[in-house]
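Have a look at this one before I ask anything.
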Amino acid sequence: MSSTSSEANLKHNGAASLATEESSHLLEKAANGEKYGSQKPDQDSLLDTMVHTSESTSKTLPQYVAALSAAGGAFAAGTLLGWTSPAQTPLLDGEYGFPVSESAFSWIGSAMTLGAAFICIPIGFLINLIGRKLTMLLLVLPFTLGWCLLIWAQNVEMMYAARFLLGISGGAFCVTAPMYTGEIAQKEIRGTLGSFFQLMITAGILFVYAIGAGLDVFWMSVVCGLLPLVFGAIFVFMPESPTYLVSKNKNESAIKSIQWLRGKEYDYNMEIEELKDTEKKIKENPVSIGSALTRRVTIKALCISLGLMFFQQLCGINAVIFYSTDIFKDADTGIDANLSTIVVGIMQVIATFVSVMVVDKLGRRLLLLASASVMALSTIAMGVYFYMKENGDSVESLGWLPVCSLCVFIIMFSIGFGPVPWLMMGELFASDIKGVAGSIAGTSNWVLAFIVTKTFVNLKEALGSGPTFWLFAGITVVGAIFVFVFVPETKGKSLNEIQQELEGKKPNQTNGNAI
């Protein structure tokens with residue numbers, strides 16, 4: 001348990017009765033776990049059962065190292081998202097020696113999202129079959145092959161295939177890396193480590209913006225193609241998830257993994273025994289996927305997670321990132337488009353870093369509500385500018401408006417609706433269904449990303465730029481209402497307490513402190 005949780009228990013119960021109260025609470029939590037179907041404990045409940053002396057010897061630096069290494073795949077995925085922005089103009093101008101129309105380029109951009117949507121559900125089963133670590137290492141192969149196809153593409157069809165293959169790799173990381181991080185992290189740093197994924201996505205986008213300003217598309221793609229190899233060379237030294245190792249009866253390997261993550265002085269006995277006991281219960285009382293998916297709490301959690309993914313994509317973020325160069329060009333700011341997108345990328349990274357620092361302090365709901373409210377105002381402002389411009393009104397003195405609005409939009413997305421839906425995806429579901437439900441949520445996210453990126457140009461042509469941004473603004477307002485009404489606060493709550501709240505009951509407060 002965290003030091004804050006320890007102090008609260010000591011104040012409420014007294015040091016002398018701590019052991020008795022903790023034993024009572026463990027039995028109560030076990031009962032709740034069976035009631036809500038969470039037979040496989042998440043790391044939150046696990047760490048809460050540990051005595052203070054064990055926790056005091058636990059190290060966190062190795063967990064940061066492992067989480068950042070896993071997030072290296074997210075960095076590579078970020079380059080996929082950002083690649084289309086600096087590549088658009090050169091490809092349309094024939095840099096590769098074959099014609100690329102605007103319609104074809106929209107398919108090049110969106111093929112990645114189709115690949116990501118295609119892989120999310122299969123990868124959910126694969127990571128349970130061969131492990132989190134091996135799955136991520138194997139993803140280096142399609143990642144590298146995809147970049148090779150893109151680098152030496154001879155026609156548009158090769159680019160379609162390359163981007164689809166790259167999307168498979170990037171989408172797989174969206175499921176695997178957050179799950180791996182959640183299983184190696186202690187409760188008090190889980191939110192921070194879980195937010196590394198989105199932070200590295202934004203860092204990857206910034207990276208490709210920066211190198212795209214000085215390199216042609218060929219060499220930019222070569223540099224991006226080296227990143228998966230770098231990731232593989234680093235991540236091969238990281239440990240496998242202890243949860244997975246115990247599920248495969250590799251207890252000695254699980255102990256070594258825990259000691260790598262927590263330090264040699266850490267008392268692993270309580271943690272390993274809890275993992276073994278829970279695995280035994282799972283095998284003795286198997287729950288079918290169909291039964292788990294039809295539980296009331298699972299349906300509610302899935303609706304919330306799918307809703308967050310829906311509003312994350314329908315606020316227009318991928319359209320803004322994929323076509324940011326065009327937005328700056330249309331705004332007639334006089335600022336070099338590549339420089340402008342680099343500045344936006346820097347803001348995105350900084351804002352996501354801020355979110356990493358405050359998500360465990362301010363809570364998920366506050367960040368989501370603030371994010372949606374300001375994003376809606378920003379897209380309204382962008383819509384006003386482009387509406388005036390398309391209708392022949394003078395906008396020479398308003399060149400700052402779309403740029404500032406875009407910057408504010410990116411910052412607020414990166415603080416709230418960027419990282420939080422992915423973080424909550426791992427918090428809302430009971431552990432026995434988390435892999436499948438998370439894959440469903442991930443698939444929906446990428447399908448929506450495909451729809452937005454593929455139809456953005458068509459919407460601009462049909463409605464005009466101004467009304468298109470207003471459409472995104474209206475959807476974002478609905479998203480804010482959705483968060484206010486339906487999304488629970490999960491900060492500082494264990495899996496069982498979240499399941500209780502989703503069922504409409506108050507979390508158990510027997511010990512005076514939520515654990």
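For all residues, glycine too, the Cβ spot is worked out from N, Cα and C.
Quick paste from TrEMBL:
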DOMAIN    66-491  domain 'Major facilitator superfamily (MFS) profile'
REGION    1-24  region 'Disordered'
TRANSMEM  64-84  transmembrane segment
TRANSMEM  104-127  transmembrane segment
TRANSMEM  134-154  transmembrane segment
TRANSMEM  160-180  transmembrane segment
TRANSMEM  192-211  transmembrane segment
TRANSMEM  217-238  transmembrane segment
TRANSMEM  301-325  transmembrane segment
TRANSMEM  337-359  transmembrane segment
TRANSMEM  366-388  transmembrane segment
TRANSMEM  400-424  transmembrane segment
TRANSMEM  436-457  transmembrane segment
TRANSMEM  469-487  transmembrane segment
So what's near the transmembrane segment (400-424) in sequence-distant terms, Cβ-Cβ under 8 Å and 6+ beyond its ends?
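Long-range Cβ neighbours of the transmembrane segment (400-424): 174, 178, 191, 194-195, 197-199, 201-202, 304-305, 308-309, 311-312, 315, 317, 320, 324, 327-328, 330-331, 333, 335, 340, 343-344, 347-352, 354-356, 359, 364, 367-372, 374-375, 378-379, 381-382, 384-386, 445, 479, 487, 490.
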Given the transmembrane segment (64-84), which of the listed stretches 160-180, 217-238, 337-359, 366-388 has the most Cβ pairs that are under 8 Å apart from it?
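Ranking 160-180, 217-238, 337-359, 366-388 by Cβ pairs under 8 Å to the transmembrane segment (64-84) puts 217-238 first.
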Out of 160-180, 337-359, 469-487, what stretch is closest in contact terms to the transmembrane segment (104-127), meaning most Cβ pairs under 8 angstroms?
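So the stretch in question is 160-180.
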With pairs 6 or more apart in sequence, are the transmembrane segment (337-359) and the transmembrane segment (192-211) linked by at least 3 Cβ pairs under 8 Å?
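They are in contact.
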Quick one: do the transmembrane segment (469-487) and the transmembrane segment (366-388) reach 3+ CB pairs under 8 Å, ignoring pairs fewer than 6 apart in sequence?
yes
At an 8 Å Cβ cut-off, counting only pairs 6 or more apart in sequence, do the transmembrane segment (436-457) and the transmembrane segment (160-180) clear the bar of 3 or more pairs?
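Yes, the transmembrane segment (436-457) and the transmembrane segment (160-180) are in contact.
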Can you say which of 134-154, 160-180, 366-388 has the most Cβ pairs under 8 Å with the transmembrane segment (217-238)?
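When the Cβ pairs under 8 Å are tallied, 134-154 comes out ahead.
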